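Student: Per Swiss-Prot, the features are:
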- Arg176: active site (ACT_SITE)
- Ser226: active site, proton donor (ACT_SITE)
- Glu296: active site (ACT_SITE)
- 33-197: domain 'FAD-binding PCMH-type' (DOMAIN)
Amino acid sequence: MNKNDILRGLESILPKDIIKVDEPLKRYTYTETGGEADFYLSPTKNEEVQAIVKFAHENSIPVTYLGNGSNIIIREGGIRGIVLSLLSLNHIETSDDAIIAGSGAAIIDVSNVARDHVLTGLEFACGIPGSIGGAVFMNAGAYGGEVKDCIDYALCVNEKGDLLKLTTAELELDYRNSVVQQKHLVVLEAAFTLEPGKLDEIQAKMDDLTERRESKQPLEFPSCGSVFQRPPGHFAGKLIQDSNLQGYRIGGVEVSTKHAGFMVNVDNGTATDYEALIHHVQKIVKEKFDVELNTEVRIIGDHPTD
C-alpha cells in the first residue's frame, strides 16, 4: 500500500482528528530529537488500538508504539509506517487495594493516586518519568522497587489485534525486560495490587526518593534517562566516571557531570550525537574494564539519509 492508500484505510476506521501525517517526533521525546513518522496516531479507546493493529497486520504495515518518550532515542530519519501513541489512554481507577491504569497514564501520577488512597507499594515510581505501558514493557524500577513487585495483570494486544490478559507470571518480568518486549505486544492497561499503609510513612518515603533523585540526576537538561543497564557486579555510572568520561561531548550531547549514567542534550543535540556518544562510552569502558555496557534506552528509527 502507498501512503494515500494507508491514509484512506486509517480514515475508514478512525476519527480523522487522531491521524497525523509526516509528524515530527521530536515533539514527543524527552531528548527533543527525532525525525518524522509517516503516520502518528493517538487513539483514545482500546477498541481503536485493536483496529489500528489489526489493519496494520492485515496490510503488512510496521507499527511502533510510543508512550511518554522518556527512555527512547528516535533517529533523524524518522519511523516508517505507523507510530501509535498511547498517551490518551490515561485513565486511573481505584478499588479497595487495587489500581487500574491506562497505558498512557504517567506512572508518577499512579504513584500519587496510590499515596492519596493510603496504599503502599508504588512509592519507588514517584520519580520515574514514564508511562504505565512503558513501565510494564521494561519492568521499570528505581531505588529497590520495580513493576514486577506489585503488578497483578496487564491487558495487552498482540500483533494480530487480539486481546490478551496476562498475569504477572505470564508477563515474564525480568531486569528491564518482559514478554511485552519479546513478543511485540502493546499494553492497554495494567492493574496493581497494593497494601494499606500509613500516609505519613508513604509520603516520607516519596519525599526521600524525590530528594535523592533531584540531588543526583541532571533534571535541568533534556535527556533519555538512564542510558545503560546495570552490568553484573558493576554500576554503569561508576565505570563511566572512572573512565574519566564525565563532561565528554559529541555535538550537542554530553555525559552528565552530575551523574555519569546520564547523557544530556546541552546544545541542540541530535539522535546521531546521542548514538555516537553511546558507542564511544561503550568502547572506552570495554577497553578500560573489559565490561560490556548494554543500553537501557531504546534507539529506534531510520538513520538520516544526508
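Note that Cβ sites are derived from N, Cα and C of the backbone, with glycine treated the same way.
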Student: Calculate the distance in Å between the alpha carbons (Cα) of Glu296 (active site) and Arg176 (active site), and round it to a whole number.
Tutor: 7
Student: Average pLDDT across the domain 'FAD-binding PCMH-type' (33-197)?
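Tutor: Mean model confidence (pLDDT) across the domain 'FAD-binding PCMH-type' (33-197) is 96.
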Student: What number of additional C-beta atoms lies within 10 angstroms of the C-beta atom of Ser226 (active site, proton donor)?
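Tutor: A 10 Å sphere around the Cβ of Ser226 (active site, proton donor) contains 20 other Cβ atoms.
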Student: Just the number: how many Å between the Cα atoms of Ser226 (active site, proton donor) and Arg176 (active site)?
Tutor: 11
Student: Would you mind checking how many other C-beta atoms are within 10 angstroms of the C-beta on Arg176 (active site)?
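Tutor: Arg176 (active site): 19 neighbouring Cβ atoms within 10 Å.
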